[in-house]
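Below you'll find the structure, written out as structure tokens, and then a few comments.
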Amino acid sequence: MTSIQPIETSASLVEERHTAKTVTVGVLTAALVVAAPLLIGAAGGNYWVRVLDFAMLYVMLALGLNVVVGFAGLLDLGYIAFYAVGAYTAALLSSPHLTSHFDWIAQLVPGGLHVPFFLIVPIAMAFAAFFGILLGAPTLRLRGDYLAIVTLGFGEIVRIFMNNLDRPVNVTNGPQGITGIDPVTVAGFNLSQTHEIFGFSLPSVYMYYYLFVLCALLVIWVCTRLQHSRIGRAWAAIREDEIAAKAMGINTRNVKLLAFAMGASFGGLSGAMFGAFQGFVSPESFTFWESVVVLACVVLGGMGHIPGVILGAVLLAVFPEFLRSTMSPLQHMLFGHDVIDTEVIRQGLYGLAMVLIMLYRSEGIWPAPKHEDRIAKLAKRGKKPARA
């Protein structure tokens, strides 16, 4: 007589297979992330590793904006302002600028302000979160286009302040920017120098890549925990129907302010990393176009879906540079000279790609799974869906 396998045993087998598959994918992904700069550097040189560095910065920025736009449904067109706040905070605390322009600071700190980077990061995040609350507090009643206009104005106001705050008191050094920012030092390793590790010679762009990956992993972990917490469910409720969320007892005011603050803090983290990496910051790095690119990372990747946002950020960081490096050689091969300016072609193809994705993949390249799909997947694995 054939024995019938208990349902619980079948469910546990499915769960074990799913766990094994998840672990395998995680290990392979981690190995790829670790080996990426070594492989790409060997094939294309340090320039492409530097592109990867900026891709990681875009990942952190996109995840921060995803908290506001994807989780809470609040359109923010001035997000790059928090990036600027973080970058200038790092610049002021780790460069000779303040001591060279303010005598009383020079008397207090004769050697100059050189705050350790592990202290600069939380300060930059706190300042950015404060600015996020400043933006969020007066816009709590605004939605849609009106909120977009206000946030757009906020981003431009911050950039204009940075550009003009060199008189009558020189705080930002105006359009010239701030130079001489200290590089990051971790456990005695100056990341601006080349180091020999496990037989590999790692230039500064490699060292910063691994630092940015660690920071991005931290942001991913925090965002994942937030998304599956009560706060995350409150954000989702506000995104779907704010009136219904308020009727259910959700304090929409505090929850929306928290979304602005959390998203801004990740922008401040990325800005502090950018300032230390570049060693120089200026207002031209924080234009409205940068806000558009970060928003495109979220929308094209898949709003509210962390893996999709990461994919969108990496693609939008790498794809334009790929076009920049291939268009001119291709024209020379076909016509013997540049027929159309490379920058025009790059921007045109970049825009065309976004239009096509919006037409045929309006939810993004990797959208969040629908509620019905999640329930079906959980049922297949023998689990009950969690209540909201």
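From the backbone N, Cα and C atoms, a Cβ is placed for every residue, glycine too.
A TrEMBL annotation is a machine prediction, not a hand-curated record.
Copied over from TrEMBL:
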type: TRANSMEM; residues: 25-49; note: transmembrane segment
type: TRANSMEM; residues: 55-75; note: transmembrane segment
type: TRANSMEM; residues: 80-97; note: transmembrane segment
type: TRANSMEM; residues: 117-137; note: transmembrane segment
type: TRANSMEM; residues: 144-162; note: transmembrane segment
type: TRANSMEM; residues: 206-224; note: transmembrane segment
type: TRANSMEM; residues: 257-280; note: transmembrane segment
type: TRANSMEM; residues: 292-319; note: transmembrane segment
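The list of residues near the transmembrane segment (55-75) in space but at least 6 beyond its ends in sequence, with Cβ under 8 angstroms from a Cβ of it, reads 82-83, 144, 147-148, 151, 209, 212-213, 215-216, 219-220, 223, 226-227, 232, 235-236, 238-240, 255-256, 259-260, 262-267, 269-270, 273-274, 277, 293-295, 297-299, 301, 303-306, 309-310, 312-314, 316-318. Through the fold, the transmembrane segment (292-319) approaches residues 51-52, 54-55, 58-59, 61-63, 65-66, 69-71, 76-77, 79-80, 220, 223-224, 227, 236, 239, 350, 353-354, 357-358, 363-369 of its own chain, all at least 6 residues removed from its boundaries and within a Cβ separation under 8 Å. Between the transmembrane segment (257-280) and the stretches 25-49, 80-97, 117-137, 144-162, the greatest number of Cβ pairs separated by less than 8 Å involves 117-137.
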